[in-house]
Amino acid sequence: MHAKKLLVLLLLALALLGARCEDEHDHEHEHSEHEDHAHDDHAGHSHGISEADYAAALARGEDPCAAEDILDYNLPLHIGSVFILLAVSLAGSLGPVALSRLGSGKAGGRGSNVISTAITLGSLFGCGTILATALIHMALPAVAALTSPCLKTQGWDNYEAWPYLFVLIAILVTQLVDALIRGYFIRRHAEAGGQPESSYIPPTGGCGHTMLVGALTAPAGQAPHVHGNGKGDNQQHSKDAEAGEAAAEGGACAVHGEGCSALLGHSGSERERASRTLGVWLADAGIIFHSVMIGLTLGVTGGTAFNTLLVALSFHQFFEGLALGSAAIQAGIATSKAILVGLTYSISTPIGTAIGIAIRESFNANATSTLLSTGILDALSTGILLYVALVQLITPLLTDSAWLHSRRWPMQASGSCRDMGGSGWDGQCHSRAWVVVAFASFYAGATVMAVIGKWA
């Protein structure tokens, strides 16, 4: 009898112990799943905590806005990433500068035309890059930060359009500065007794074609173009080319060597040059703000998420650098200034990464101060880049571009109009196939940056 009682008690004890172990295992499994889910979310391109995650964390009794623990932090690899990003940024931003210097020694030759075409296609690719950067890499995180449930600021929830308001402010201020600079040079020229700009007809084939792909380009009404046809036009084009080769100047003109002296002697060239330079620096500033923040994010990221983010940012930095470098060269600014643009851009993300490494133990991406600073800077950068891309780049380059409609490409024989099946626009040599290439470059830039937006 006693043996039976002991056996029953032993079985009950084993059953209770098994049930307890199973409960603990289920709890650990749920906790592990939660950690894995959180880790997976962190490994992807996170844009802040959502309302659902915020409510779920509160239901579990956790602080949804607390700093996240950094798992598997590899300090040597993080330090190495600083130099990796610096190298790829320099390669992208200074590559067009090196090409332009190479082309300046071959002005007027076929090699110069090939280099000119490469830089131009790079500029078109950069247009798409800048546009996608503004909308996907900046606007999206700005909205996420400024609408985060962790943003605890009195009265902030009373207005839901904060991120878009900052984008609007940036666009308006950028347009105002642009208009003031243009107006200043118009007034200064009028006071000097110069001829009205509307009476100027620039020569056919002038380097205004190529300068249209700068960060700020001449209005469509001033695009280098002459109506007419026949032998006289060919002679005029030949004279313009000879003049350009004899008096080629810096920037894009040194590369293309066609009619530059005539165009740069135009009364509005000083105004356009200043405005183009402003456009380049505005684009550089807008991208730098964002680059510092993504570098900081990389510096505080650990585990497998770091590897994914580093690869994505390497492509991100290279293509953005290519966009800035090409715009600077095609805008016709001095080589030294183009190099300065590339250097300031190239060091921004490495600096952000170094800061992230230094503050990784105390950094909280969901802190109110962090959300406000990153959200506002990203929103302002979005507005700047949208203005530069849409007003100063895409419209004159692809919609109203005299350069695109009349540019003689390297594959076309000099003095002829071998059309590859296309028809001429405004009596100029034109290849329909190259129009496809030009638009394809633009769309490719936007596509690449849109895809990279999945991870960076």
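Yeah, the Cβs are placed from backbone N, Cα and C, and that goes for glycine too.
Heads up, TrEMBL stuff is auto-annotated, nobody curated it.
A quick note: this is a predicted structure, and the numbers were derived from the prediction, not measured.
Database features (TrEMBL):
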- 25-47: region 'Disordered' (REGION)
- 223-243: region 'Disordered' (REGION)
- 1-21: signal peptide (SIGNAL)
- 79-102: transmembrane segment (TRANSMEM)
- 114-141: transmembrane segment (TRANSMEM)
- 161-181: transmembrane segment (TRANSMEM)
- 278-300: transmembrane segment (TRANSMEM)
- 338-359: transmembrane segment (TRANSMEM)
- 379-398: transmembrane segment (TRANSMEM)
- 433-453: transmembrane segment (TRANSMEM)
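By the Cβ criterion (under 8 Å, sequence separation of 6 or more), the transmembrane segment (79-102) is not in contact with the transmembrane segment (161-181), since fewer than 3 such pairs are found. The stretch with the most CB contacts under 8 Å to the transmembrane segment (338-359), chosen from 114-141, 278-300, 379-398, 433-453, is 278-300. Within its own chain, the transmembrane segment (161-181) is flanked in space by residues 139, 142-143, 145-147, 216, 271, 274-275, 278-279, 282, 375-376, 379-384, 386-388, 391-392, which lie at least six positions past its ends and keep a Cβ under 8 Å from the stretch.
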